[in-house]
């Protein structure tokens, strides 16, 4: 049991959190473009830089970075929980044997579920803060006026009930397959490459991270669109109950999108998302690998790192 609370799990968790914060900050405007395209149905699907130029022109130079702090705080918590759970479970389950791709997938999935249940309220809040003050093309969206993270929590609980903080939990649970698929491909590709050479260069890690994430993102993107709409939850036209985003709501939203915009409607904003995701994932893995390696080298734990 001591291995769960071990120093090694902590190093992995911190490296994971720092890696994702760095990457998210660098590519944050791409996330802004993607979220606008998902939530604002009336916004025309244009190339990512056109959408960003429009946002800057209408809302000012810093608009693409709106909501950066709440997103970074959520990301920090979320990644810390994910990496910590992932590496702890792996330590308990694998216990020094060679890990298999199947085991990685199961561990990744469990870590993801724990993560969703603990951090969904943070993501609901920051989706709204990120879109606050945005100039929407869609008139059916009710604007919000939150003063900050705590005020947003307070207002949502007061006006919509505590369960509104878990809006979009159902699609989020389905999206747990995303990091699980990504980790599986990442670990699998890494194992293949390590058969051929002694150690991986930074470029190898970058490319593996990018490929793994691109596959996972494309497969699960329609769910992410539904998740954003449910988390935002400010569309006046939702006659049905939104709590927890039950399967019925998910199917209803997917059906609406398909009916209105065809199959491409489900993939609106995918270009920005793929750009951001692939670059983010690659940079994140790079920082993660380097940080863990450096820390273990400094602490003389080099052998403990070889899993």
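Placement of Cβ uses the backbone N, Cα and C atoms for every residue, glycine included.
Listed features, source TrEMBL:
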type     : residues : note
REPEAT   : 7-92     : repeat 'Solcar'
REPEAT   : 99-192   : repeat 'Solcar'
REPEAT   : 200-294  : repeat 'Solcar'
TRANSMEM : 12-30    : transmembrane segment
TRANSMEM : 67-85    : transmembrane segment
TRANSMEM : 105-125  : transmembrane segment
TRANSMEM : 200-221  : transmembrane segment
TRANSMEM : 274-301  : transmembrane segment
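Counting Cβ pairs closer than 8 Å to the transmembrane segment (12-30), the top stretch among 67-85, 105-125, 200-221, 274-301 is 274-301. Taken through DSSP, the repeat 'Solcar' (7-92) splits into 72 helix, 0 strand, 14 coil.
Same-chain residues lying 6 or more positions outside the transmembrane segment (67-85) and placing a CB less than 8 Å from one of its CB atoms are 9-10, 12-17, 19-21, 24-25, 28, 31-32, 110-112, 114-115, 118-119, 122-123, 125-126, 129-132, 149, 152, 179. Residues 174-175, 177-179, 181-186, 189-190, 193-194, 266-267, 270, 273-274, 277-286, 289-290 of the same chain, all 6+ positions outside the transmembrane segment (200-221), place their C-beta atoms under 8 angstroms from a C-beta of that stretch. Residue counts for the repeat 'Solcar' (99-192) under DSSP, helix first, then strand, then coil, are 70 helix, 1 strand, 23 coil.
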